[in-house]
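Trainee: Please see the structure below; I have some questions.
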Amino acid sequence: MSTHSKQKRLTTASIRAMKGKDRVVCLTAYTTPIARLLDPHCDLLLVGDSLGMVLYGMETTVGVTLDMMVAHGRAVMRGASHACVIVDLPFGSYQESKEQAFRSAVRLMQETGCDGVKLEGGEEMAATIAFLTARGVPVFAHVGLMPQLVNTAGGFRSLGHSDEEAAKIRRDALAVAEAGAFAVVVEGTVEPVARDITASLGVPTIGIGASPACDGQVLVSDDMLGLFNDFMPRFVKRFANLGPLVSQAAEAYAEEVRTGQFPAKEHTFQPKR
Ligand code: KIV
């Protein structure tokens, strides 16, 4: 039975207005049942392109397509009645030109019904963000560690350790906020830089691996639910440990099927007469 409420969903304007007042709670969601469970507790649900790694076993997010984001965006929208829902523009769907970004964003918004899109990039994406927001597309920006740049960055690592890196992240955050982003994800960034950015922007910063200094936090839901038992980055906290529970349930099921204990009488249909 569904437990989600029927109240009207939060808007990108209400998320923006939380700056300086309330901390913004954001989690990723990729499917309808998980969206239903998370929705009452979150301000923002992000259909992140991390789904390529989490659901599809990809090494990076580079192989995620717009079709995949549309399918998962639609699924999440079916399970969300409270939180504002944002869908990621995947790699290659927006970097070529402002017009390409607009076409991709419109496809996501029209085919999923989501409230806005997220894209990675700082100064170099500012003109695109201004173009989109001026044309009715709310943009959630993403600076600091940008997973779609993994092939040019040479891997995933926290940023802002050198003065040069710190200055670049500050410039990026300022540029995307000035261009009209309603909020900014700050990923994998050292605390003093995240703190400076949060103090200087008029829109909320949503941190992931960017310290408590941000205006809100986001985590990949599967990470915080403990569905993976391999590598866990330092910035993740496990609020549950569901991986072993799933494994134990599968083991118990396998045992009962092999021994003939399942299905039992109560799971079996019999003719009515
Ligand atoms: O793709 C994603 O899930 C993200 C968040 C982790 C910020 O970009």
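Numbering starts at 1 and runs along the chain as it is shown here.
Quick reminder: no glycine exception, Cβ is built from N, Cα and C everywhere.
TrEMBL annotations: computationally assigned, not manually curated.
Sharing the feature lines straight out of TrEMBL:
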BINDING   Asp49, Asp88, Glu120  Mg(2+) binding site
BINDING   Asp49, Ser50, Asp88, Lys118  3-methyl-2-oxobutanoate binding site
ACT_SITE  Glu187  active site, proton acceptor
Trainee: Relative to the Cβ position of Asp49 (Mg(2+) binding site), how many further Cβ atoms are located within 10 Å?
Mentor: 29
Trainee: Can you tell which of Asp88, Glu120, Glu187 has the most other C-beta atoms within 10 Å, given these are the recorded positions?
Mentor: Asp88
Trainee: Checking the spread of the 3-methyl-2-oxobutanoate site as listed (Asp49, Ser50, Asp88, Lys118): what is the longest Cα-Cα distance, in whole Å?
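Mentor: Max span of the 3-methyl-2-oxobutanoate binding residues, Cα based, is 12 Å.
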Trainee: How many Å lie between the Cα of Ser50 (3-methyl-2-oxobutanoate binding site) and the Cα of Asp88 (Mg(2+) binding site)?
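Mentor: It is 9 Å, counting Cα to Cα.
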Trainee: DSSP secondary structure for Ser50 (3-methyl-2-oxobutanoate binding site), reduced to helix/strand/coil, please.
Mentor: coil
Trainee: Round to the nearest Å and give the CA-to-CA distance linking the residue listed as 'active site, proton acceptor' with Glu120 (Mg(2+) binding site).
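Mentor: Here the two Cα atoms lie 10 Å apart.
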Trainee: Please report the distance from the Cα of Asp49 (Mg(2+) binding site) to the Cα of Lys118 (3-methyl-2-oxobutanoate binding site), rounded to the nearest angstrom.
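Mentor: Taking the Cα atoms only, Asp49 (Mg(2+) binding site) lies 10 Å from Lys118 (3-methyl-2-oxobutanoate binding site).
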